[in-house]
Amino acid sequence: MQNGDGASGPPSTEDAGGRRTSGPRVALFPTCLTDTAFPETAKAMVRLLERLGCDVDFPLDQTCCGQMHFNTGYAEHARPMARAYAEVFDGYDHVVVPSGSCAGMVREIHPDLCGTSPAARRTYELSEFLVDVLGVVDVGAHFPHRVTYHPTCHSLRMLGVGDKPLSLLRAVSGLELIPLPQAEQCCGFGGTFALKNAETSTAMLADKMRCVQDTGAQVVTAGDNSCLMQIGGGLSRLRTGVRPVHLAEILASTEEEPWVATP
């Protein structure tokens, strides 16, 4: 992965190991939460995308997509962030995001804030980029664990990614995929929803945790770290032993470079 400013020209055609690449020029938009709290997810995305032949860049000038501001009624504060996104990510073939929530904000809401931009049109949640753009289902991953998948609200309803994450997981060597009961139900996070409606959020989380535990899975995965933080926090408090792992980390795991649980 190359570190660039995203504005002075196209990214380099060398990957992190100095190897020449000829694949699409892809910018990584890790989101605020992943960048600050779950950097292992961003690193996994880089390994995965480079393994698939992409030239991955991390524009240093990127900022928040403005979703939190927009969702709490401050559209005027989100508007300059949308403009900045359009400028920073202009010129890349694609922008890939480890979050259906933030990808949905960019693709569906940014055009209403500052007009449609090439960057917004070329922004994808990870699973839809792999399946729809690269045309890949089997990414060469190996993850010998029992896994259940939680489809996050924005990826399911706003982006319509459907079964793409499940197709990717089914192709992972060694992985046992266990269906999650009432999978389409929200985990109760919803950003500031969990703060403003704590009692309702807690009840929704309790239902989700019960469903996860009923699967007997060792790992619960999703395409958004915000949902995994909510679900994982609840499971940890109950001492269930179920680990939350982002979809990118599972897909990046191989026999040669396996996923290692963080403390």
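Easy rule for this one: first residue shown is 1, then count along the chain.
Just so you know, glycine gets a Cβ as well, placed from its N, Cα and C.
Model, not experiment: these values are computed from the prediction.
Under the heading domain 'Cysteine-rich', TrEMBL lists 26-106 (among others).
Per TrEMBL, domain 'Cysteine-rich' is recorded for 147-231 (among others).
Annotation comment: TrEMBL describes 1-23 as region 'Disordered'.
Across all of the domain 'Cysteine-rich' (26-106), the predicted model scores a mean pLDDT of 97.
Remark: secondary structure over the domain 'Cysteine-rich' (26-106) totals 45 helix, 12 strand, 24 coil, with classes taken from DSSP.
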